[in-house]
Each structure stands twice: as structure tokens, then as C-alpha cells.
């Protein structure tokens with residue numbers, strides 16, 4: 001059994017302080033490329049540059065097409081040539097090109113363009129916002145926590161719960177599963193695993209089934225559109241404040 005793991009979550013810059021929560025200041029330093037380099041050196045590669053060079057299909061409405069000023073829809077294609085060039089430079093010169101080399105200047109220029117980099121085609125994060133701010137709740141309604149206050153070089157707290165599942169009698173991996181969606185990551189992952197392992201739904205059904213979410217504060221249970229109404233009525237009888245949400249706020253990735 002392999003016990004290797006990589007933890008390269010974004011972290012606050014060395015000059016970070018408690019005022020850096022807006023605009024370009026909210027961008028945290030990503031560790032993803034360092035993780036890729038280490039993973040590549042240990043386990044080999046699966047080429048990813050082709051997804052930037054070649055056109056690829058959208059499966060649902062995603063982002064705006066700047067040429068038509070309309071949203072991309074299912075069946076449309078997109079090509080990201082500038083990003084492909086950035087990936088080529090990183091492939092040729094290593095991740096140092098991104099952090100301290102020739103790409104660093106381009107990235108600084110990009111940051112002044114806010115979210116989307118016109119020079120690099122990189123979409124920048126705003127992960128500094130995941131640190132706690134005194135006397136405020138975050139985007140997900142979670143109150144400030146002293147342990148999650150920003151300090152230079154610190155990694156912010158996270159709800160991520162990546163799972164690698166094994167059968168107790170089988171050394172091979174049965175399933176790898178993770179989710180994104182802030183505080184909904186934990187409840188989403190738990191429900192998908194429950195539906196898959198306990199209720200014997202296949203993984204696609206388990207992922208697509210509407211879900212519940214509760215995080216204690218605020219005092220409500222959020223139900224995705226289409227969730228079992230009988231269960232919701234029983235929860236109401238127990239005193240739960242049920243709020244229905246049309247849109248899915250968490251996304252699951254799984255390999256079975």
C-alpha cells in the first residue's frame with residue numbers, strides 16, 4: 001500500500017497582513033505546480049497540455065465567450081492557446097519559471113487585470129478570503145475563528161476530505177473521491193459515500209442524487225432541488241429550518 005501524499009494548499013504570501021482580502025491582494029500563492037512536479041518525479045505523467053492546445057467540449061453552461069458576449073453552452077468548444085504556451089514554458093523550465101522566473105513578471109502584470117489574466121490566460125484564485133476576518137462570517141456563513149486568522153506563509157483551513165477507499169480484504173484501490181464547494185465539501189462527500197456503499201447506488205447515481213447540507217451556523221438545512229420531500233417533511237416535524245436551493249453548490253469528482 002502506498003503511503004505517499006502531497007499537501008500543497010495555497011498559502012498566504014510572506015508579506016500578508018489582515019487587510020489583504022480585496023482584489024489582487026486576495027490572491028494566495030498556489031502550491032499546485034510544486035505538487036505536480038513532485039508527483040511527476042515519483043509517479044510519471046499524464047499529458048495535460050493537450051486540453052489547452054486542442055479544442056474541448058463544454059458539458060453545461062460555463063463562462064462567457066468574449067467574442068460573442070454570450071455564455072458558452074453545451075456542445076460549444078473553447079481553445080486556450082496562451083495558457084498552452086504557459087504550460088509549455090513550465091514543462092521546459094520547471095515550476096521555478098512560474099514562481100520566480102520569466103512567468104512571474106507576466107503574472108504580476110496579469111494580477112492588475114483582476115480575475116482573468118490577459119497575458120497568460122490564467123484564472124487567478126481569491127483564496128485569501130478563506131482566512132477568517134475579525135467579527136465577520138465568511139462567504140459560507142462560518143463565523144471567524146482565531147486559528148484561521150491570516151499570518152505570513154500560513155495555509156488556510158479547509159473543508160477538503162479526499163478519500164481513497166479500499167476493501168479490507170483487497171489491497172487494490174476501490175475508489176478515489178473528492179469534492180469542492182467550501183463548507184459543503186464535507187457533507188457532500190459523506191452523502192455520496194453513504195449512497196454508494198450503504199444504499200448500493202452506482203457512483204454516478206450517488207453523485208447525481210440531490211443532497212442536504214447543514215453546518216450548524218446558520219441554523220438551517222439546505223436541500224437541493226429534487227430532494228426527497230418525505231424526508232424533508234420529517235425533518236420539518238423535528239424542528240429543522242429547511243431551505244431549498246435550485247442550484248447545486250458542490251461538485252464531486254470520483255474514479256471507480
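Yeah, the Cβs are placed from backbone N, Cα and C, and that goes for glycine too.
Within 110, 121, 130, the residue that TrEMBL lists together with 158, 159, 182 for binding L-glutamate is 130. The C-beta environment of residue 182 (L-glutamate binding site), restricted to residues of the same chain at least 6 apart in sequence and closer than 8 Å, consists of 139, 140, 159, 249, 250. Of the binding-site residues 158, 159, 159 has the largest number of other Cβ atoms within 10 Å of its own Cβ. Sequence-distant neighbours of residue 130 (L-glutamate binding site) (same chain, 6+ apart, CB under 8 A from its CB) are 138, 148, 156, 157, 158.
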